[in-house]
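*Asks:* Annotations for this protein, taken from TrEMBL, read as follows:
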{"type": "DOMAIN", "residues": "24-439", "note": "domain 'Ammonium transporter AmtB-like'"}
{"type": "TRANSMEM", "residues": "24-45", "note": "transmembrane segment"}
{"type": "TRANSMEM", "residues": "52-74", "note": "transmembrane segment"}
{"type": "TRANSMEM", "residues": "115-134", "note": "transmembrane segment"}
{"type": "TRANSMEM", "residues": "139-160", "note": "transmembrane segment"}
{"type": "TRANSMEM", "residues": "180-198", "note": "transmembrane segment"}
{"type": "TRANSMEM", "residues": "210-227", "note": "transmembrane segment"}
{"type": "TRANSMEM", "residues": "281-312", "note": "transmembrane segment"}
{"type": "TRANSMEM", "residues": "332-353", "note": "transmembrane segment"}
{"type": "TRANSMEM", "residues": "392-417", "note": "transmembrane segment"}
Amino acid sequence: MSLPSNLNPDEASPPWLNKGDNSWQLTAATLVGLQSVPGLVILYGSIVKKKWAVNSAFMALYAFAAVLVCWVGWGYRMSFGDKFIHFLGMPNVSLDAQYLIEQAFLGYLPNATMIYFQFVFAAITLILVAGALLGRMNFLAWMLFVPLWLTFSYTITAYSIWCPEGWLSKKGIIDYSGGYVIHLSSGVAGFTAAYWVGPRTTKDKERFPPNNILLMLAGAGLLWMGWTGFNGGDPYTVSTDASLAVLNTHVCTATSLLTWLMLDIIFFGKPSVIGATQGMITGLVCITPAAGVVQGWAAILMGMMSGSIPWYTMMVLHKKIGLLKQVDDTMAVFHTHAVAGSLGGILTGLFAVPKLNRLFYLVDNWQHYIGVFYGLHTGHTTAGFKQLGIQLLGIVFVVLLNIFTTSVICLLISLIIPLRLAEDELQTGDDAIHGEEAYALWGDGEKYESKLNSIYEEFPPPSKGGE
(Lines of atoms letter the chains of each structure in order from A and count residues from 1; the text may use other names and numbers.)
(Lines give C-alpha, C1' and ligand atoms only; values in the text may rest on other atoms or scores of the structure.)
Protein backbone atom coordinates (compact mmCIF):
# COMPACT_ATOMS: atom_id res chain seq x y z
CA MET A 1 0.00 0.00 0.00
CA SER A 2 1.57 3.26 -1.13
CA LEU A 3 1.52 6.41 0.98
CA PRO A 4 0.39 9.83 -0.28
CA SER A 5 3.36 11.65 -1.77
CA ASN A 6 3.43 14.21 1.06
CA LEU A 7 3.90 11.39 3.61
CA ASN A 8 6.64 9.50 1.78
CA PRO A 9 9.99 9.64 3.61
CA ASP A 10 12.70 11.72 2.03
CA GLU A 11 15.96 13.31 3.12
CA ALA A 12 14.16 16.14 4.96
CA SER A 13 11.52 13.81 6.45
CA PRO A 14 13.25 10.57 7.53
CA PRO A 15 11.19 7.44 8.28
CA TRP A 16 11.28 8.01 12.05
CA LEU A 17 9.79 11.56 11.83
CA ASN A 18 6.08 11.92 12.58
CA LYS A 19 4.94 15.11 10.89
CA GLY A 20 1.81 15.41 13.00
CA ASP A 21 3.71 15.00 16.27
CA ASN A 22 6.37 17.44 15.15
CA SER A 23 3.78 20.04 14.16
CA TRP A 24 1.97 19.79 17.49
CA GLN A 25 5.23 19.89 19.44
CA LEU A 26 6.33 23.11 17.75
CA THR A 27 2.86 24.57 18.34
CA ALA A 28 2.79 23.49 21.99
CA ALA A 29 6.24 24.96 22.55
CA THR A 30 5.12 28.28 21.07
CA LEU A 31 2.04 28.30 23.32
CA VAL A 32 4.33 27.85 26.33
CA GLY A 33 6.59 30.60 25.02
CA LEU A 34 3.58 32.92 24.75
CA GLN A 35 2.90 32.30 28.43
CA SER A 36 6.17 34.11 29.12
CA VAL A 37 6.40 36.54 26.21
CA PRO A 38 4.08 38.36 26.28
CA GLY A 39 1.99 36.60 29.01
CA LEU A 40 4.08 37.06 32.16
CA VAL A 41 5.70 40.20 30.74
CA ILE A 42 2.21 41.77 30.66
CA LEU A 43 1.12 40.27 33.97
CA TYR A 44 4.23 41.38 35.86
CA GLY A 45 4.22 44.82 34.27
CA SER A 46 0.57 45.34 35.22
CA ILE A 47 0.25 43.78 38.67
CA VAL A 48 2.97 45.95 40.25
CA LYS A 49 3.01 49.59 41.28
CA LYS A 50 3.31 52.02 38.35
CA LYS A 51 6.89 52.95 39.17
CA TRP A 52 7.98 49.28 38.83
CA ALA A 53 6.08 48.41 35.62
CA VAL A 54 9.00 48.63 33.19
CA ASN A 55 11.51 46.93 35.47
CA SER A 56 9.19 44.03 36.31
CA ALA A 57 8.23 43.39 32.70
CA PHE A 58 11.83 43.62 31.55
CA MET A 59 13.08 41.16 34.17
CA ALA A 60 10.85 38.61 32.46
CA LEU A 61 11.85 39.55 28.93
CA TYR A 62 15.58 39.49 29.77
CA ALA A 63 15.30 36.06 31.38
CA PHE A 64 13.59 34.64 28.31
CA ALA A 65 16.41 35.77 26.03
CA ALA A 66 19.27 34.88 28.40
CA VAL A 67 17.96 31.37 29.06
CA LEU A 68 17.81 30.57 25.33
CA VAL A 69 21.46 31.47 24.75
CA CYS A 70 22.54 29.43 27.78
CA TRP A 71 20.23 26.58 26.79
CA VAL A 72 21.73 25.99 23.36
CA GLY A 73 25.20 26.74 24.72
CA TRP A 74 25.24 24.10 27.47
CA GLY A 75 21.94 23.87 29.39
CA TYR A 76 20.01 21.42 27.23
CA ARG A 77 22.75 18.79 27.14
CA MET A 78 23.24 19.17 30.91
CA SER A 79 19.53 18.49 31.37
CA PHE A 80 18.91 15.79 28.75
CA GLY A 81 22.28 14.77 27.32
CA ASP A 82 24.80 12.02 28.04
CA LYS A 83 25.39 11.23 31.71
CA PHE A 84 28.15 13.30 33.34
CA ILE A 85 27.59 12.55 37.01
CA HIS A 86 24.77 10.88 38.95
CA PHE A 87 22.37 13.81 38.61
CA LEU A 88 23.68 15.85 35.68
CA GLY A 89 24.36 15.53 31.96
CA MET A 90 27.57 16.41 30.13
CA PRO A 91 27.78 20.13 29.23
CA ASN A 92 27.88 20.58 25.47
CA VAL A 93 26.61 22.87 22.75
CA SER A 94 23.38 22.17 20.84
CA LEU A 95 24.10 24.11 17.67
CA ASP A 96 25.54 21.58 15.23
CA ALA A 97 23.17 21.09 12.30
CA GLN A 98 23.74 17.34 12.11
CA TYR A 99 22.84 16.93 15.79
CA LEU A 100 19.80 19.18 15.50
CA ILE A 101 18.19 17.14 12.70
CA GLU A 102 18.75 13.76 14.38
CA GLN A 103 16.00 11.97 16.31
CA ALA A 104 15.48 13.22 19.89
CA PHE A 105 15.87 10.99 22.95
CA LEU A 106 12.07 10.57 23.13
CA GLY A 107 9.29 10.80 20.56
CA TYR A 108 9.37 10.93 16.78
CA LEU A 109 10.90 14.40 16.70
CA PRO A 110 14.21 15.99 15.74
CA ASN A 111 16.50 17.31 18.45
CA ALA A 112 15.83 20.88 17.30
CA THR A 113 12.15 20.55 18.21
CA MET A 114 12.91 18.99 21.58
CA ILE A 115 15.48 21.68 22.41
CA TYR A 116 12.96 24.41 21.57
CA PHE A 117 10.21 22.71 23.59
CA GLN A 118 12.38 22.22 26.66
CA PHE A 119 13.78 25.76 26.39
CA VAL A 120 10.41 27.43 26.93
CA PHE A 121 9.96 25.42 30.13
CA ALA A 122 13.38 26.45 31.41
CA ALA A 123 12.65 30.09 30.54
CA ILE A 124 9.31 30.28 32.33
CA THR A 125 10.90 28.75 35.44
CA LEU A 126 13.34 31.66 35.74
CA ILE A 127 10.56 34.14 35.07
CA LEU A 128 8.50 32.61 37.88
CA VAL A 129 11.50 32.99 40.21
CA ALA A 130 11.55 36.68 39.28
CA GLY A 131 8.01 37.04 40.62
CA ALA A 132 9.32 36.82 44.19
CA LEU A 133 11.91 39.54 43.55
CA LEU A 134 9.94 42.29 41.84
CA GLY A 135 10.25 45.82 43.12
CA ARG A 136 13.76 45.82 44.58
CA MET A 137 16.32 43.47 42.99
CA ASN A 138 19.32 45.05 41.30
CA PHE A 139 18.84 44.38 37.59
CA LEU A 140 22.56 43.75 37.08
CA ALA A 141 22.41 41.12 39.83
CA TRP A 142 19.42 39.56 38.06
CA MET A 143 21.46 39.42 34.85
CA LEU A 144 24.01 37.25 36.67
CA PHE A 145 21.45 35.23 38.60
CA VAL A 146 19.63 33.88 35.52
CA PRO A 147 22.49 31.97 33.84
CA LEU A 148 23.92 30.80 37.17
CA TRP A 149 20.63 29.41 38.49
CA LEU A 150 19.80 27.78 35.17
CA THR A 151 23.21 26.08 35.14
CA PHE A 152 23.48 24.93 38.74
CA SER A 153 19.89 24.34 39.78
CA TYR A 154 17.44 23.86 36.91
CA THR A 155 19.63 21.45 34.95
CA ILE A 156 20.10 19.20 38.00
CA THR A 157 16.37 18.99 38.68
CA ALA A 158 15.46 18.46 35.02
CA TYR A 159 18.06 15.70 34.56
CA SER A 160 17.14 13.94 37.80
CA ILE A 161 13.37 13.90 37.17
CA TRP A 162 12.80 14.13 33.41
CA CYS A 163 15.84 12.60 31.73
CA PRO A 164 15.42 8.80 31.32
CA GLU A 165 18.84 8.38 32.97
CA GLY A 166 17.98 10.58 35.97
CA TRP A 167 17.97 8.92 39.38
CA LEU A 168 14.44 10.00 40.31
CA SER A 169 13.21 9.15 36.83
CA LYS A 170 14.53 5.61 37.28
CA LYS A 171 12.80 5.35 40.65
CA GLY A 172 9.50 6.08 38.90
CA ILE A 173 8.61 9.60 40.04
CA ILE A 174 5.56 11.06 38.29
CA ASP A 175 5.99 14.65 37.16
CA TYR A 176 3.88 14.86 34.05
CA SER A 177 4.81 18.39 33.04
CA GLY A 178 6.77 20.23 35.70
CA GLY A 179 5.08 20.34 39.09
CA TYR A 180 8.50 19.57 40.56
CA VAL A 181 10.97 20.71 37.91
CA ILE A 182 9.29 24.06 37.27
CA HIS A 183 6.84 25.07 39.98
CA LEU A 184 8.24 23.64 43.18
CA SER A 185 11.73 24.68 42.05
CA SER A 186 10.72 28.25 41.19
CA GLY A 187 8.65 28.64 44.36
CA VAL A 188 11.43 27.54 46.68
CA ALA A 189 14.16 29.34 44.72
CA GLY A 190 12.13 32.56 44.54
CA PHE A 191 11.41 32.51 48.27
CA THR A 192 15.06 31.76 49.08
CA ALA A 193 16.35 34.50 46.78
CA ALA A 194 13.83 36.95 48.26
CA TYR A 195 15.32 36.23 51.69
CA TRP A 196 18.83 37.10 50.50
CA VAL A 197 17.86 40.09 48.36
CA GLY A 198 15.84 41.68 51.16
CA PRO A 199 12.45 43.39 51.19
CA ARG A 200 10.92 46.22 49.21
CA THR A 201 10.70 49.64 50.82
CA THR A 202 8.30 49.85 53.75
CA LYS A 203 6.00 52.08 51.71
CA ASP A 204 5.90 49.58 48.83
CA LYS A 205 5.26 46.64 51.15
CA GLU A 206 2.36 48.41 52.81
CA ARG A 207 0.76 49.60 49.57
CA PHE A 208 1.55 48.00 46.23
CA PRO A 209 -1.54 48.48 44.02
CA PRO A 210 -1.60 47.10 40.46
CA ASN A 211 -1.20 49.82 37.84
CA ASN A 212 -3.58 48.10 35.40
CA ILE A 213 -5.84 45.23 36.47
CA LEU A 214 -7.32 44.83 32.98
CA LEU A 215 -3.90 44.24 31.46
CA MET A 216 -3.09 41.93 34.38
CA LEU A 217 -6.09 39.83 33.37
CA ALA A 218 -4.89 39.79 29.76
CA GLY A 219 -1.54 38.41 30.91
CA ALA A 220 -3.30 35.89 33.14
CA GLY A 221 -5.46 34.79 30.21
CA LEU A 222 -2.39 34.15 28.06
CA LEU A 223 -0.92 32.16 30.93
CA TRP A 224 -4.05 30.02 31.30
CA MET A 225 -4.61 29.28 27.61
CA GLY A 226 -0.91 28.75 27.01
CA TRP A 227 -1.09 25.89 29.50
CA THR A 228 -2.77 23.90 26.72
CA GLY A 229 0.71 23.51 25.25
CA PHE A 230 2.36 23.31 28.67
CA ASN A 231 0.59 20.07 29.62
CA GLY A 232 -0.66 18.96 26.20
CA GLY A 233 2.84 18.80 24.74
CA ASP A 234 4.50 16.53 27.27
CA PRO A 235 3.60 13.14 25.82
CA TYR A 236 5.72 14.26 22.81
CA THR A 237 2.99 12.88 20.57
CA VAL A 238 -0.51 13.71 19.38
CA SER A 239 -2.15 11.11 21.60
CA THR A 240 -5.33 10.46 23.53
CA ASP A 241 -3.32 11.13 26.67
CA ALA A 242 -2.40 14.60 25.43
CA SER A 243 -6.09 15.37 24.92
CA LEU A 244 -6.91 14.13 28.42
CA ALA A 245 -4.14 16.26 29.89
CA VAL A 246 -5.46 19.40 28.21
CA LEU A 247 -9.02 18.87 29.44
CA ASN A 248 -7.93 17.99 32.99
CA THR A 249 -5.78 21.13 33.05
CA HIS A 250 -8.66 23.47 32.28
CA VAL A 251 -11.16 21.66 34.52
CA CYS A 252 -8.83 21.82 37.53
CA THR A 253 -7.96 25.46 36.87
CA ALA A 254 -11.57 26.60 36.58
CA THR A 255 -12.49 24.73 39.77
CA SER A 256 -9.55 26.24 41.64
CA LEU A 257 -10.41 29.77 40.53
CA LEU A 258 -14.03 29.38 41.65
CA THR A 259 -12.99 27.87 44.98
CA TRP A 260 -10.59 30.72 45.73
CA LEU A 261 -13.23 33.24 44.67
CA MET A 262 -15.86 31.76 47.00
CA LEU A 263 -13.44 31.77 49.94
CA ASP A 264 -12.66 35.45 49.30
CA ILE A 265 -16.38 36.27 49.21
CA ILE A 266 -17.14 34.26 52.37
CA PHE A 267 -14.28 35.63 54.48
CA PHE A 268 -13.65 39.10 53.00
CA GLY A 269 -17.03 39.99 51.55
CA LYS A 270 -15.78 40.89 48.07
CA PRO A 271 -14.92 38.89 44.93
CA SER A 272 -11.26 39.84 44.49
CA VAL A 273 -10.02 39.85 40.90
CA ILE A 274 -6.40 39.47 42.02
CA GLY A 275 -7.50 36.63 44.31
CA ALA A 276 -9.25 34.85 41.44
CA THR A 277 -6.06 35.18 39.40
CA GLN A 278 -4.08 33.58 42.22
CA GLY A 279 -6.62 30.75 42.34
CA MET A 280 -6.25 30.28 38.61
CA ILE A 281 -2.46 30.00 38.96
CA THR A 282 -2.62 27.49 41.84
CA GLY A 283 -4.99 25.33 39.81
CA LEU A 284 -2.66 25.32 36.82
CA VAL A 285 0.30 24.49 39.04
CA CYS A 286 -1.43 21.74 41.01
CA ILE A 287 -2.66 19.78 38.00
CA THR A 288 0.66 20.00 36.15
CA PRO A 289 2.39 16.93 37.68
CA ALA A 290 -0.79 14.87 37.22
CA ALA A 291 -2.42 16.25 34.06
CA GLY A 292 -2.49 13.15 31.87
CA VAL A 293 -2.44 10.44 34.53
CA VAL A 294 -5.58 11.17 36.61
CA GLN A 295 -9.32 10.91 36.07
CA GLY A 296 -11.51 13.93 35.41
CA TRP A 297 -13.13 13.65 38.84
CA ALA A 298 -9.66 13.74 40.39
CA ALA A 299 -8.97 16.97 38.47
CA ILE A 300 -12.07 18.47 40.10
CA LEU A 301 -10.92 17.40 43.57
CA MET A 302 -7.43 18.71 42.90
CA GLY A 303 -8.93 22.04 41.82
CA MET A 304 -10.94 22.28 45.04
CA MET A 305 -7.81 21.63 47.10
CA SER A 306 -5.57 23.91 45.04
CA GLY A 307 -8.10 26.70 45.47
CA SER A 308 -8.34 26.23 49.24
CA ILE A 309 -5.05 24.96 50.72
CA PRO A 310 -2.77 27.62 49.13
CA TRP A 311 -5.50 30.17 49.97
CA TYR A 312 -5.22 29.13 53.61
CA THR A 313 -1.42 29.22 53.64
CA MET A 314 -1.42 32.66 51.99
CA MET A 315 -4.26 34.33 53.86
CA VAL A 316 -3.96 32.71 57.29
CA LEU A 317 -0.67 30.90 57.93
CA HIS A 318 1.41 33.60 56.24
CA LYS A 319 0.38 36.04 58.97
CA LYS A 320 1.22 33.61 61.77
CA ILE A 321 4.55 32.05 60.75
CA GLY A 322 7.57 34.23 61.44
CA LEU A 323 9.69 33.18 58.45
CA LEU A 324 6.85 33.76 55.99
CA LYS A 325 6.23 37.23 57.43
CA GLN A 326 9.93 38.03 57.35
CA VAL A 327 10.53 37.24 53.67
CA ASP A 328 9.08 39.70 51.15
CA ASP A 329 7.79 37.45 48.37
CA THR A 330 6.25 40.01 45.99
CA MET A 331 4.07 37.67 43.91
CA ALA A 332 3.60 35.07 46.66
CA VAL A 333 5.34 32.42 44.56
CA PHE A 334 5.95 30.34 47.68
CA HIS A 335 2.20 29.82 48.04
CA THR A 336 1.18 29.73 44.37
CA HIS A 337 4.06 27.54 43.17
CA ALA A 338 5.90 25.82 46.05
CA VAL A 339 2.79 24.96 48.06
CA ALA A 340 0.59 24.25 45.03
CA GLY A 341 3.37 22.28 43.29
CA SER A 342 3.99 20.12 46.38
CA LEU A 343 0.25 19.60 46.74
CA GLY A 344 0.01 18.49 43.13
CA GLY A 345 2.90 16.07 43.54
CA ILE A 346 1.34 14.47 46.61
CA LEU A 347 -2.12 14.24 45.04
CA THR A 348 -0.55 12.63 41.98
CA GLY A 349 0.75 9.92 44.29
CA LEU A 350 -2.80 9.39 45.51
CA PHE A 351 -4.83 9.63 42.28
CA ALA A 352 -2.49 8.33 39.53
CA VAL A 353 -4.25 5.75 37.35
CA PRO A 354 -2.04 2.80 36.26
CA LYS A 355 -3.64 2.56 32.79
CA LEU A 356 -3.14 6.28 32.09
CA ASN A 357 0.46 6.06 33.25
CA ARG A 358 1.00 3.20 30.81
CA LEU A 359 -0.34 5.44 28.04
CA PHE A 360 2.05 8.21 29.05
CA TYR A 361 5.20 6.27 29.95
CA LEU A 362 4.52 3.34 27.58
CA VAL A 363 5.49 0.76 30.20
CA ASP A 364 3.69 -2.38 31.35
CA ASN A 365 5.25 -2.69 34.81
CA TRP A 366 2.43 -2.32 37.34
CA GLN A 367 4.91 -1.86 40.20
CA HIS A 368 5.56 1.71 39.02
CA TYR A 369 3.23 4.65 38.48
CA ILE A 370 0.28 3.57 40.59
CA GLY A 371 -1.56 5.89 42.97
CA VAL A 372 -2.37 4.89 46.54
CA PHE A 373 -6.12 4.75 45.94
CA TYR A 374 -5.74 2.51 42.89
CA GLY A 375 -3.19 0.39 44.73
CA LEU A 376 -5.73 -0.18 47.51
CA HIS A 377 -8.47 -0.90 44.97
CA THR A 378 -6.44 -3.44 42.96
CA GLY A 379 -4.61 -5.09 45.84
CA HIS A 380 -1.26 -3.46 45.05
CA THR A 381 -1.18 -1.53 48.32
CA THR A 382 2.59 -1.68 48.74
CA ALA A 383 3.17 -0.35 45.22
CA GLY A 384 0.75 2.52 45.83
CA PHE A 385 2.43 3.65 49.03
CA LYS A 386 5.83 3.22 47.41
CA GLN A 387 4.73 5.63 44.68
CA LEU A 388 3.62 8.16 47.29
CA GLY A 389 6.99 7.78 49.01
CA ILE A 390 8.79 8.51 45.73
CA GLN A 391 6.64 11.62 45.24
CA LEU A 392 7.57 12.83 48.75
CA LEU A 393 11.24 12.05 48.13
CA GLY A 394 11.10 14.23 45.02
CA ILE A 395 9.69 17.13 47.06
CA VAL A 396 12.46 16.85 49.66
CA PHE A 397 15.13 16.69 46.95
CA VAL A 398 13.87 19.73 45.04
CA VAL A 399 13.39 21.81 48.20
CA LEU A 400 16.85 21.08 49.65
CA LEU A 401 18.61 21.49 46.29
CA ASN A 402 17.04 24.88 45.63
CA ILE A 403 17.60 26.25 49.11
CA PHE A 404 21.27 25.32 48.85
CA THR A 405 22.02 26.31 45.24
CA THR A 406 20.00 29.52 45.33
CA SER A 407 21.66 30.61 48.57
CA VAL A 408 25.16 29.93 47.22
CA ILE A 409 24.41 31.78 43.97
CA CYS A 410 23.00 34.82 45.79
CA LEU A 411 25.97 34.96 48.17
CA LEU A 412 28.44 34.71 45.29
CA ILE A 413 26.70 37.47 43.34
CA SER A 414 26.65 39.68 46.43
CA LEU A 415 30.45 39.54 46.49
CA ILE A 416 30.48 41.19 43.06
CA ILE A 417 27.45 43.47 43.05
CA PRO A 418 24.67 44.37 45.53
CA LEU A 419 21.62 42.15 45.24
CA ARG A 420 19.29 44.97 46.24
CA LEU A 421 18.91 48.37 44.63
CA ALA A 422 20.13 51.48 46.43
CA GLU A 423 17.58 53.36 48.55
CA ASP A 424 17.27 56.28 46.13
CA GLU A 425 16.62 53.87 43.25
CA LEU A 426 14.01 52.05 45.32
CA GLN A 427 12.20 55.34 45.88
CA THR A 428 12.21 56.29 42.18
CA GLY A 429 11.81 52.94 40.42
CA ASP A 430 11.88 52.59 36.63
CA ASP A 431 13.26 56.02 35.77
CA ALA A 432 16.28 55.56 38.05
CA ILE A 433 17.02 52.03 36.80
CA HIS A 434 16.22 52.18 33.10
CA GLY A 435 15.74 55.88 32.39
CA GLU A 436 12.28 54.98 31.09
CA GLU A 437 8.75 54.99 32.46
CA ALA A 438 5.69 52.93 31.58
CA TYR A 439 3.15 55.69 31.02
CA ALA A 440 3.39 59.25 29.68
CA LEU A 441 0.51 60.99 31.43
CA TRP A 442 -0.35 64.54 32.43
CA GLY A 443 0.99 65.32 35.85
CA ASP A 444 4.36 63.68 35.17
CA GLY A 445 6.57 66.77 35.33
CA GLU A 446 8.18 67.70 32.03
CA LYS A 447 5.61 65.91 29.93
CA TYR A 448 2.85 67.94 31.56
CA GLU A 449 4.72 71.24 31.04
CA SER A 450 5.54 70.53 27.43
CA LYS A 451 1.89 69.76 26.78
CA LEU A 452 0.86 73.08 28.30
CA ASN A 453 3.45 74.90 26.20
CA SER A 454 2.11 73.37 23.01
CA ILE A 455 -1.42 74.47 23.93
CA TYR A 456 -0.30 78.01 24.61
CA GLU A 457 1.54 78.13 21.31
CA GLU A 458 -1.56 77.04 19.43
CA PHE A 459 -4.02 79.18 21.40
CA PRO A 460 -2.20 82.24 22.78
CA PRO A 461 -3.87 83.88 25.78
CA PRO A 462 -5.78 87.12 25.07
CA SER A 463 -3.93 90.36 25.83
CA LYS A 464 -4.99 92.68 28.66
CA GLY A 465 -7.99 94.85 27.98
CA GLY A 466 -9.58 92.32 25.66
CA GLU A 467 -7.50 93.45 22.67
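Each residue, glycine too, has its Cβ placed from N, Cα and C.
TrEMBL entries are annotated by machine, without manual review.
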*Asks:* Sequence-remote contacts (6 or more beyond its ends) of the transmembrane segment (281-312), Cβ cut-off under 8 Å?
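*Replies:* Same-chain contacts beyond the flanks: 174-180, 182-183, 220, 223-224, 227, 230-231, 234-235, 241-242, 244-249, 251-260, 263, 335-337, 339-341, 343-345, 347-348, 351-353, 356-357, 359-360, 369, 371.
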*Asks:* Restricting to the same chain and to residues at least six past its boundaries, which positions have a Cβ under 8 Å from a Cβ of the transmembrane segment (210-227)?
*Replies:* 31-32, 34-35, 38-50, 53, 249-250, 253, 273-274, 277, 280-281, 284, 438-439
*Asks:* Mark yes when the transmembrane segment (115-134) and the transmembrane segment (24-45) have three or more Cβ pairs under 8 Å (sequence separation 6 or more) and no when they do not.
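*Replies:* Since 3 or more Cβ pairs under 8 Å link them, the transmembrane segment (24-45) and the transmembrane segment (115-134) do come into contact.
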*Asks:* Counting only residues 6+ away from its ends, which parts of the chain sit with a Cβ under 8 Å from the transmembrane segment (332-353)?
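*Replies:* Counting only partners 6 or more residues beyond its ends, the transmembrane segment (332-353) has Cβ contacts under 8 Å with 128-129, 131-132, 174-176, 179-180, 182-184, 186-188, 190-191, 278, 281-283, 285-290, 293-295, 298, 301-302, 305-306, 309-310, 313-314, 318, 324, 369-374, 387-388, 390-392, 394-395, 399.
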*Asks:* Under an 8 Å Cβ to Cβ limit, what residues of the same chain, 6 or more beyond the ends of the transmembrane segment (139-160), are close to it?
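*Replies:* Contacts with the transmembrane segment (139-160): 55, 58-59, 62-63, 66-67, 70-71, 74-75, 78-80, 87-89, 118, 122, 125-126, 129-130, 133, 166-169, 180-181, 185, 189, 193, 197, 397-398, 401-402, 405-406, 408-410, 412-414, 416-419, 433-434.
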*Asks:* Mind checking which residues of the chain, 6+ beyond the ends of the transmembrane segment (52-74), have their Cβ under 8 Å from one of its Cβ atoms?
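*Replies:* Distant Cβ neighbours of the transmembrane segment (52-74) are 33, 36-37, 40-42, 44-46, 91-95, 115, 118-119, 122-123, 126-127, 130, 133-135, 137, 139, 142-143, 146-147, 150-151, 204, 211, 429-430, 433-434, 436-439.
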